[in-house]
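Asker: Sharing the record's features from TrEMBL:
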| type | residues | note |
| --- | --- | --- |
| BINDING | G584, P585, P586, G587, V588, G589, K590, T591 | ATP binding site |
| COMPBIAS | 60-93 | compositional bias 'Basic and acidic residues' |
| COMPBIAS | 103-128 | compositional bias 'Low complexity' |
| COMPBIAS | 803-820 | compositional bias 'Basic and acidic residues' |
| COMPBIAS | 828-846 | compositional bias 'Basic and acidic residues' |
| DOMAIN | 155-432 | domain 'Lon N-terminal' |
| DOMAIN | 887-1073 | domain 'Lon proteolytic' |
| REGION | 60-146 | region 'Disordered' |
| REGION | 803-853 | region 'Disordered' |
Amino acid sequence: MFSCSRRVFRGRLVRSACTRLASTVHNQYAKPLLGKEAALWVNADGIDFVPPSVAGELFDLKSKRNEPDPKDESKRKDKDKKEDEKDKPDNKTPRPSKPRTLAPSAGSGVAAGANGASGSAGAPGNSGSDDDPADEESSVNSPATVELPEIYPPIIGLPISRRPLFPGFYRSVIITDVNVIKAVKEATSTQYPFIGCFLFKDENMEGDVINSKDEVYSTGVLAQITSNVYTRDTETGVETLTTVLFPHKRIKIDELFVPNVSKSKHSFVKVSTTEVDESADKQIIEGITGEKEGDEPKSPSEVIKSSDEEVIIDEDDEYNPTAFLKKYPISLVNVSNVEDEPYPDRDPRVNSLTAITLETLREITKLNKPFSDQLLYFISSLKGDVYHHPERLADYAAAVAAATPQELQDVMDCTNIPDRLDKALNLLRKELMNKELQKQIERDLEERMAKRHREFNLQEQLKWIKKELGIDDGRDKLIAKYNERASKLKFPEEVQKVFQEEINKLQTLEPLMAEYAVTRNYLDWLTQLPWGLQSKDRYDLKIAKQILDEDHYGLKEVKDRILEFIAVGKLLNKINGKIICFVGPPGVGKTSIGKSIARALNRKFYRFSVGGLTDVAEIKGHRRTYVGAIPGRMVQALKNTETENPLVLIDEIDKISHTHHGSGGDPSAALLELLDPEQNGTFMDYYMDVPINLSRVLFVCTANTLSTIPAPLLDRMEVIEIAGYVEDEKIKIAENYLAPSAKETSGLTDVDISLREDTLQELIRGYCRESGVRNLKKQIEKIFRKAALKVVKDVDGVDFDKNEKVEQNEQAKETAKTTESENSMAEASEKNEDKDEAKEESKDEAKEEEDVPKVVVPEGYKIEVTPDNLKDYVGSPVYTVDRLYEKTPPGVVMGLAWTQTGGSALYIESIIEHAINKDSTPKLERTGQLGDVMKESVRIAYSFSKMYLAKKFAENRFFDRAQIHLHCPEGATPKDGPSAGVAITSSFLSLALNKPLRPDIAMTGELTLTGRVLRIGGLKEKTLAARRSGVNTVIFPKDNLADWNELQDNVKEGITPVPVEWYDEVFATLFGDVTADEGNAVWKKEFELIDQAEKDKK
């Protein structure tokens, strides 16, 4: 059988005609197989048929050609023998012994069997049976025999790519190496046209020459050259030889003779998978003389032909029929036969495997009809006795199976017949599974096509019936609208499936059904989401910086982070979704910076607040089973922005509710999925019930404090802290942003209003001391509203006190006009002219509104707001002094605190409730709405103060009798935190030493029992609070020194930092001028009286 379904001839392809096999090679070359018009070829996918023109071109098929005269044949052999004697091999050429005479063995089958000693109908020189009409027509009456030696001379070693050759099955290969082509051509004309074919170990390796035994597998086949066709590619000019090989039996490499590399031109050898071009012209290979359109094919029976009589050859004569090969730089191999291991006759395992293999082959024939003819012919070639030739069945199964080169080579290497059958069977089963899968896919495809066709026909019939009945409920238009929307979107596969299901449901529902409205609303939402639609990001750093500077003053850290974000996106050519959280006091621009970021990135902006949110449905939507159900806020954001990559601002995330009322769930837990980059790529909204990709969304959250944000949620966000503004920054913001905006909104763009810097400074110090600028904005807007009123009064000359009566008269006149107008309208309604009168009146009113004259401000009119007249615009100042105490008494210390609104000054006050006498006992009272942590700080400070006083001033027994009351002003404000420890200790010691502290010094830091000062947070906010209070010296922990160095210069300006590590340093700063005698003598008189009283009592 032949194994080539496609051939390449001059770069052109032609398909094999799928006609019935008729006749093949004449008796000189091959015998008829099945019919008269085509040749049969076998490949891994089944069987193909070659048209007679191609078969004749490859094998020189000539119908009814007579066998050559035996006399001519004898003369030709004598001539060849003389030529062989001339070519005496040298010492370098391997010299095998003469082949011993083999008894001819005839057989009937597809090809020579595994033992390589039999011919068959599928092999040249043998027919299927004597009764076959084709046999009679081809004039072959008896089976030919092929004789092979037990010891072979050196033969051509040809490497094969991708698929090994199996004994008994034709295979065509394409050779492009000129030297190999010449050698094959000359070998074809001799009586020994055999080559050894071995598979490359590396399936990507190609070549015509074996350079090393490690390149190929050691086991291959002895193949006979049966036909050659020479072609030239018209496009590349490459000359090739297509040769058809008939493998006889298994062999192995004993010795490899590598050619001289400099003389060899390597190309490739491969099993041909291309089709034969019947119109391709034959080309003469350069260097090959006497070559015509094609070599006459040689049949295996003609090359070494013998009769039933034995031929005796002298063993002593030297015999090397392949000596001519030494002159070509090609690879030669010494080979030996690979014999199959004997097995018991009627071995149960062999019989079982044979039966299963045949059953598997029959199953494949059910799925591949052309394969059935090939299988039937194979079985008939064995005369129906497959069980006596299991080795040939195994080779046949491997030859028709699609498998990897390694798997096929395993079958080739196997000499144990049961194991070979087992391996071949496994390959067949894989082939069967592939065929079944292909068949299943084909069936499913046909079923889907049939179902769609049926649905289409029914829908068309339904439309026609409705049209005839005059029924039109608008459903078709609605469905057409949804389909039109869907055509503009890029639905994911899962969403497309849901959309189609909902469309099909809508077609079956009646408009009066409740489910109809639910489905229609769902399709509205589904087709209005921006599936696959994105806005193009802008990566221009210059424009982004310009936009950020236009909208906000300062905020350097925030702007740098956004520019970094854009730079990374420019390098990656995409901006991935991020979760950024801005934390800071109110009014510092957290929300507005989100709008600026969206504008800088050219993204749509959407904001929603979660402050006080108690229901998960606000984020993830309601189930569609509820009446009036709608999607969550995130889906609404995508619908409103119409893009998949907007910037979504989640405001007040620190104020989300943590209490679960009823069944609302925990909204902070719902935000975990929304703000997790690993999960939001498949965000599931309860209403939509399809995965929504939010990985491209840029989330920006805002908060005043981090303490109330759940830890899992905080872990998913990148926190950027925004501190409050100092006075200089507020002035710049007011001049460049707030004042121009307020002037425009108040209609004073044409009025010269002067808001000087000293006025703004006074406004900030006396009215707006908070960290943000929101209150400052309100006050500036109030100034401009007052100015607008003043402008209108001055231009119109209105005096509210004098014109009060005039206004009352005007109102009376207007009332009278209104009454007359109502009467006229009533008369008009009686005359049926209500509509016309109403239209005319509405037009007149619109004209009156449009004709309102604009106030014309005279040239040179100017309003100047100064610190002196500022109270006329905004009232009396809220803050009259910089500090609560201009001169602090003993026991009063200014601490620094951090709040959600920024930093603030926190005074600590300590007093003695009663005079120290013999009846007083030590006591500590705490007031000022202190939290648990701050109460502990007070207790620690009290214990440390007693220890420290006894250490520094042993004779000062203040804490033995003092009843101390500690208070923190602004008692309505809850206070908590450990950072007041240093201030409380200083307050106690100030009272114990009866020494007041400087009013311009403030301090912060947590204190331990041993006097260690620990790190605190919010240093910038506390420093700003100190500046607002007129402080010029700030004591803070030494661990915060790095934070201090990072502060802007305008924040640190005018403040002397005192970083401390132990309280000794604090004491040296506050009480460094107190000597030991002074400290011991503070309460000396009081305690002398107490001691004297105790002595008198005794």
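The backbone N, Cα and C atoms fix where each Cβ goes, and this holds for glycine too.
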Asker: Would you report the average pLDDT that the model assigns to the domain 'Lon proteolytic' (887-1073)?
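Answerer: A mean pLDDT of 91 is what the predicted model shows over the domain 'Lon proteolytic' (887-1073).
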Asker: What is the total of other Cβ atoms whose distance to the Cβ of T591 (ATP binding site) is within 10 Å?
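Answerer: I count 15 other Cβ atoms within 10 Å of it.
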Asker: Would you mind listing, in sequence order, the residues at least six apart from G584 (ATP binding site) in the same chain with a Cβ closer than 8 Å to its Cβ?
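Answerer: Non-local contacts for G584 (ATP binding site): K590, N704, E721, I722, A723, G724, S771.
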Asker: Do any residues at least six apart in sequence from G587 (ATP binding site), in the same chain, have a Cβ closer than 8 Å to its Cβ, and if so which, in order?
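Answerer: Once residues fewer than 6 apart are set aside, G587 (ATP binding site) is near E770, S771, G772, V773, R774, N775, L776, K777.
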Asker: Any idea which of the binding-site residues P585, P586, G589 has the thinnest Cβ neighbourhood at 10 Å?
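Answerer: So among P585, P586, G589, the binding-site residues given, the one with the fewest Cβ atoms within 10 Å is P586.
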Asker: Would you mind listing, in sequence order, the residues at least six apart from V588 (ATP binding site) in the same chain with a Cβ closer than 8 Å to its Cβ?
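Answerer: Result: I722, A723, G724, Y725, S771, G772, V773.
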Asker: According to DSSP, folded down to helix, strand and coil, what is V588 (ATP binding site)?
Answerer: coil
Asker: I'd like the number of other C-beta atoms within 10 A of the C-beta of K590 (ATP binding site), please.
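Answerer: Result for K590 (ATP binding site): 26 neighbouring Cβ atoms inside 10 Å.
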Asker: In the same chain, which residues outside the set G584, P585, P586, G587, V588, G589, K590, T591 have their CB within 8 A of the centroid of the CB atoms that define the ATP site?
Answerer: F582, T702, N704, I722, G772, R774
